[in-house]
Amino acid sequence: MGVSMARIDYAPWGLSPPHTHPRATEIMFVAEGTLDVGFVTTANKLFTRTVSKGEVFVFPRGLVHFQRNSGNTSALAIAAFNSQLPGTQSIADTLFGAAPPLPSDTLARAFQVDGGMVESIKSKFPPKY
């Protein structure tokens, strides 16, 4: 059919960390609670909004985006995609948990930190072989 949907339950202060869907635009309907959401354009401009119960937000295909429950109660959202296989790529997992791993000196230079910091971050994202 070329579409897919997902139910997402957010714990209080829960987070869907920065990620992308390379093959789909996502539209999210907040059924319960309130979410702080946003995406970053290819020009590195951040667009954010607080989305409350009954409201929707659209994340364009392939752009890095996130959702965060900004309250101390649970939140519920329904996401729909214009693809039956949208794909999901977590930014942190991709950079710090790749197998084989990205070279630490490459990441250190990209993030302008020392190699020890990169190794410390990598230890939190074990590679998935």
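If you go along the chain as it appears here, the first residue is 1 and each next one adds 1.
From the backbone N, Cα and C atoms, a Cβ is placed for every residue, glycine too.
On its own chain, His19 (Mn(2+) binding site) has Val64, His65, Phe66, Thr88, Gln89, Ser90, Ile91 as residues at least 6 apart in sequence with a Cβ closer than 8 Å to its own Cβ. Sequence annotations record features per position, and here TrEMBL assigns Mn(2+) binding site to His19, His21, Glu26, His65.
Under 8 Å, Cβ to Cβ, and six or more positions away along its own chain, His21 (Mn(2+) binding site) finds Phe59, Arg61, Gly62, Phe81, Ser83, Pro86, Gly87, Thr88, Gln89. Feature annotation from TrEMBL assigns oxalate binding site to His21, Glu26.
Sequence annotations record features per position, and here TrEMBL assigns domain 'Cupin type-1' to 1-119.
Listed in chain order, the extra residues whose Cβ falls within 8 Å of the Cβ center of the Mn(2+) site residues His19, His21, Glu26, His65 are Thr20, Phe39, Phe59, Leu63, Val64, Pro86, Thr88. Listed in sequence order, the residues of the same chain lying 6 or more apart from Glu26 (Mn(2+) binding site) and placing their CB within less than 8 Å of its CB are Val58, Phe59, His65, Ala79, Ala80, Phe81, Pro86.
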